[in-house]
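J.: Below: one structure in structure tokens.
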Amino acid sequence: MASAAAAANLGSSSSSLKRPGKKPNTHCSLQTPSTLHFPKQSTTYTPSSTTISTPTTKHPKRDTPSPVAPSPKQQQKQWNFLQSAAAMALDAVETALVSHERQHPLPKTADPGVQISGNFAPVPEQPVVQDLPVTGKIPDCIQGAYLRNGANPFHEPVAGHHFFDGDGMVHAVQFKKGSVSYSSRFTETNRLVQERGLGRPLFPKAIGELHGHSGIARLLLFYARGAFGIVDPSHGTGVANAGLVYFDGHLLAMSEDDLPYHVRVLPSGDLQTVGRYDFDGQLKTTMIAHPKVDPVSGELFALSYDVVQKPYLKYFRFSPDGKKSPNVEIPLDQPTMMHDFAITERFVVVPDQQVVFKLPEMIRGGSPVIYDKNKMARFGILDKNATDASNIRWIETPDCFCFHLWNAWEEPETDEVVVIGSCMTPPDSIFNECDESLKSVLSEIRLNLKTGKSTRRQILSEADQVNLEAGMVNRNLLGRKSRFAYLALAEPWPKVSGFAKVDLSTGEVHKYIYGDQKFGGEPLFLPRDPNSEREDDGYILAFVHDEKEWKSELQIVNAMNLKLEATVKLPSRVPYGFHGTFIGAKDLEKQA
């Protein structure tokens, strides 16, 4: 997607979901083809290309391999009489439910004709293509694989659909011995494998479908199908479409509704899903999509939140070789949306903000994800090595909602923790339709550990103010004071026309524009040399789509002077997506 919150306003007017057999007309701000078209997807796959039935890793217990899906007919033949009868009855109930839903217009935030239109629409898998054409010269230091995650629904939605609901697909560009390759593969989640085997979507969509009474009905349908063994949610229900992190020899694809999935980059540049990854049986809960790897210690830090039962929030960490710490239960009065957090050298910075989960709102006909105006936003400061939350320090930050935090560090001379994030208003517009235009303001938030007070300032001047979302700092400085941030230029909203290089101390901003009618997503900063004295000595990598020519490319930009170094022409369209990472050639050789 164009930014982390782009799905909030993907259309300028809403359009209702049309009946099967008719492509819905879409009138939206994307100015791209106005019909919703789903590519023909294969209902079977071969272990050699997309999944492996038995992981052959140095830690064989760590992965639950993705099963090979039978065809829909094979799946139904495995049912007994009771299951077949239950399936027919529940299908009839669902048909009636969908018929009822289609009598009412969908909000833009749940209308698939808006949410997955244009270059937000899904694509089929692309087996690896070698020796891609390159314009310019690829810097010699770029050796390895650039990978980016995204939402790519396998099946056409039958009802509401939010962009965040799509199945995870990883796009990979490998740079190897002077040649460049590209591939894209679905992450073979438990959910995707079962739905592909059954020939249609049956797992509820957390944002697009779970609204009001129909959302409750969909949950009951799902639980009933689970009770009869028609679907099996016991091995996870997540889509693994948001984040990517490389840690302890494993590339992990993540969404905060499940455990991560281990994906392997093959020597050819193709991708394999190894399976659901529980860190050798140590991880029993979900993990958010933005864990943090400390560049000095090599540890991985993470959060897990629960929307149903206490404790609503847990913190944990992993040693560089994958040993998990005990969970630290952080007491919260209500379940809260925590998509991201931050680390410093000594602390974990936990945002407890005003977007919360209130499941009873569904009974009243609303969304379970709401903006609680009566709640005071705050940040919690917790020691990285804490064994419990008794010493967490909460500091209030009025009217502050940051979907993403770009960095944080300590300034001992003032007893402050400095947090850099993009403050979004309205806070819940990612999930709920609203008339107010969404703004994402790059901000510096100072948390004073001595006084318990906070201050916040807008980093860009009013004249330079633009929506900045999705990006990063030099990851070698994560948790340390950094000067520059590289952030998606979400203009015209919700598209990304380029990226901004922002001096966090002065507010000076330099913009790089992808080109006429060219739009992209998150810029990835790749250091030229980890030991370089210049923080901005490196390159920006970004997928870019040309909406005039309807072709996609990878642009490589010098981060010091913002000059285009090289362009890689890609063999198939790359939809706007979420977050990415880069794995160096040496680390690729060390994969589990």
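Here the Cβ of each residue, glycine as well, is placed from N, Cα and C on the backbone.
Note that TrEMBL annotation is computational and uncurated.
Sharing the feature lines straight out of TrEMBL:
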| type | residues | note |
| --- | --- | --- |
| COMPBIAS | 1-16 | compositional bias 'Low complexity' |
| REGION | 1-77 | region 'Disordered' |
| COMPBIAS | 26-35 | compositional bias 'Polar residues' |
| COMPBIAS | 42-57 | compositional bias 'Low complexity' |
| BINDING | HIS290, HIS339, HIS404, HIS579 | Fe cation binding site |
J.: What are the sequence-distant neighbours of HIS290 (Fe cation binding site), meaning same chain, six or more residues apart, C-beta distance under 8 angstroms?
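T.: Non-local contacts for HIS290 (Fe cation binding site): GLY243, HIS339, ASP340, PHE341, HIS404, HIS579.
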J.: Cβ neighbours within 10 Å, counted over all protein chains: which one of the binding-site residues HIS339, HIS404 has the most?
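T.: The residue with the densest Cβ neighbourhood is HIS404.
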J.: Around the C-beta of HIS579 (Fe cation binding site), how many further C-beta atoms are within 10 angstroms, looking at every protein chain?
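T.: Other Cβ atoms within 10 Å of HIS579 (Fe cation binding site): 24.
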